[in-house]
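A.B. asks: Before I ask anything, let me first share the structure, which is written out below as structure tokens.
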């Protein structure tokens with residue numbers, strides 16, 4: 001900033017970059033805007049009343065040395081002053097400078113005038129605010145979903161520092177920058193061509209202007225042209241953002257000087273025209289400037305930076321075919337975090353398309369997959385790998401998959417955890433229905449057999465086969481068939497305890513009856529020998545006592561098992577990963593195998609006795625039938641053990657039910673089927689004479 005205080009005439013020096021013919025018209029418009037603002041202030045009665053502002057305009061010729069040279073001249077004072085009035089008669093002192101429209105020259109000038117406390121207002125340079133621009137650009141790129149981009153910058157202080165800030169902001173937003181190239185308008189075509197070769201997803205069109213030696217057929221100005229019909233950057237008033245910055249810069253300087261030389265008393269403002277002020281006073285007041293002009297707020301922070309506020313501009317083609325700059329959004333750094341960036345209008349892209357172009361190295365990974373970086377590529381280049389078994393990802397571009405809880409399992413897409421289906425042998429499935437039908441059918445068969453025996457209880461064949469033990473055996477077989485039903489359905493605390501204990505006790509009762517019948521056969525045969533009275537030692541009381549004693553032992557084993565460590569329902573998560581097996585845990589494995597072992601011991605003992613009695617006369621005893629039944633029983637339970645251990649899930653229960661039903665059917669068919677056949681279909685053999693026939697003995 002600069003001021004000439006003689007006769008209170010203020011001089012503002014305005015420096016522009018006017019070396020490129022292609023932008024002369026634009027810089028001229030900036031100059032005219034400054035002049036307009038100065039004249040508007042000079043005619044104002046509220047701002048600097050009685051004081052007129054003056055100015056000088058210098059051309060830096062796009063040269064840093066030229067700009068520095070002029071800066072030294074301004075710092076040393078002026079030999080003469082250009083003025084339009086009679087009150088300005090002495091040389092002025094530089095009070096303020098409106099900076100060059102370029103970062104590098106402005107920085108160079110500021111380093112010269114800084115020690116002299118001469119303020120400089122830069123209307124085009126945004127280098128101090130480059131971090132805000134970088135943040136705004138990164139958010140803009142992120143808004144459109146671009147994660148893989150190339151970056152091009154001007155090879156200048158503004159471009160290089162700005163690119164460094166942008167790369168840092170882009171990295172924080174998760175954006176990959178494939179390349180970052182720089183060039184300057186003064187670079188040779190070969191270097192610019194190299195940049196173009198690197199860029200390729202871009203197309204640059206170069207425009208050349210003939211500065212000297214224009215074609216002879218070009219029309220020259222003759223003074224008759226209408227300036228209102230010219231189409232140039234000077235006459236284009238559709239976009240005045242930078243021009244408005246010039247306007248606000250002049251007013252900022254004027255307000256600073258006003259605050260330095262003017263005082264407000266009551267309702268009037270008095271400015272001391274004879275007060276001599278220095279540039280450092282203007283600089284101090286510049287930091288305090290805070291005013292509104294034409295709807296725009298102007299103020300500076302402690303660093304001399306204004307509030308970072310940027311319009312987002314979209315190049316759009318109008319109906320007439322011309323290109324228009326349309327404001328489509330705003331970036332305001334003064335707003336709360338996360339609310340700085342807004343886009344409020346639709347944008348147009350290449351060929352007037354409204355579809356946002358895609359700029360990604362890899363498409364987003366959908367839920368159910370995770371990102372795996374490609375070796376040697378930027379972080380935005382990755383492969384989408386499906387989540388492993390039992391794990392999910394429920395977000396787009398998830399870096400990792402996480403396992404489902406123990407009782408949950410992923411769906412087919414592996415993006416949601418669903419509760420695992422609970423599996424058990426139920427009455428609603430085919431296998432459960434078949435086993436339940438055989439169980440009920442077997443119980444009915446036992447009841448029918450008992451009814452036939454009861455109806456013919458006085459017949460020789462029923463009486464000869466120990467009817468009391470036969471009825472008790474049929475009763476125990478009925479219970480054996482029915483106990484299979486306790487293994488079907490939802491396992492509960494009571495059903496788990498009942499199924500194993502009922503099975504163990506009923507089968508011991510059954511085997512005890514068979515064992516009793518086998519002993520009776522042997523005793524009766526011994527009793528037929530001359531002088532033998534062994535039958536009196538194993539009469540009905542002894543038979544009942546034997547069955548009760550053997551069954552009581554099993555009851556005792558089951559009681560101890562239930563007291564110490566009873567079976568209980570549990571969710572088995574180990575057999576299958578994708579579903580839960582609801583089953584009955586044994587509680588005590590020793591208790592379970594003790595029950596089975598005791599049944600096996602009685603079965604083997606009964607089988608041995610039946611084998612010893614197998615050669616007795618067929619018409620007299622049923623030893624052969626007992627032998628076959630026990631052979632089937634032992635074979636079933638011997639094969640049950642490996643099948644039980646190796647069968648998974650609900651099939652373990654099915655194997656146990658099958659063993660119960662198979663052994664029960666083996667007993668009832670082998671022992672009672674031949675007798676029922678004789679009773680129902682061969683009544684002529686159901687006589688005492690036939691049973692006592694000893695021709696074969």
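In case you wondered, yes, glycine gets a Cβ from its N, Cα and C as well.
Copying in the features that TrEMBL gives for the protein in this structure:
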TRANSMEM  430-454  transmembrane segment
DOMAIN    431-695  domain 'G-protein coupled receptors family 3 profile'
TRANSMEM  469-490  transmembrane segment
TRANSMEM  502-525  transmembrane segment
TRANSMEM  546-564  transmembrane segment
TRANSMEM  592-613  transmembrane segment
TRANSMEM  625-645  transmembrane segment
TRANSMEM  657-681  transmembrane segment
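Show me how these features fit into the structure around them.
C.D. replies: For the transmembrane segment (430-454), the residues of the chain that approach it from at least six positions outside its boundaries are 462, 467, 470-471, 474-475, 477-478, 480-482, 484-485, 488, 650, 654, 657-658, 661, 664-665, 668, 672, 675-676, 679-680, judged by C-beta separation under 8 angstroms.
If you look at the transmembrane segment (592-613), the same-chain residues 6 or more away from its ends with a CB under 8 A from one of its CBs are 500-501, 503-504, 507-508, 511-512, 514-515, 518-519, 521-522, 525, 550, 553-554, 557-558, 561, 567, 586, 621, 623, 626-627, 630-631, 633-634, 637.
Cβ atoms under 8 Å from those of the transmembrane segment (625-645) belong to residues 511, 514, 517-518, 521, 596, 599-600, 603-604, 606-607, 610-611, 613-614, 652, 655-656, 659, 662-663, 666-667, 669-671, 674 of the same chain, restricted to positions at least 6 beyond its ends.
Among residues of the same chain six or more beyond the transmembrane segment (657-681), those with a C-beta under 8 A of the stretch's C-beta atoms are 425, 435, 438-439, 442, 445-446, 449, 452-453, 456, 459, 461-462, 465, 470, 473-474, 477, 480-481, 483-484, 487-488, 503, 507, 510, 514, 517, 622, 625-626, 628-629, 632-633, 636-637, 640, 644.
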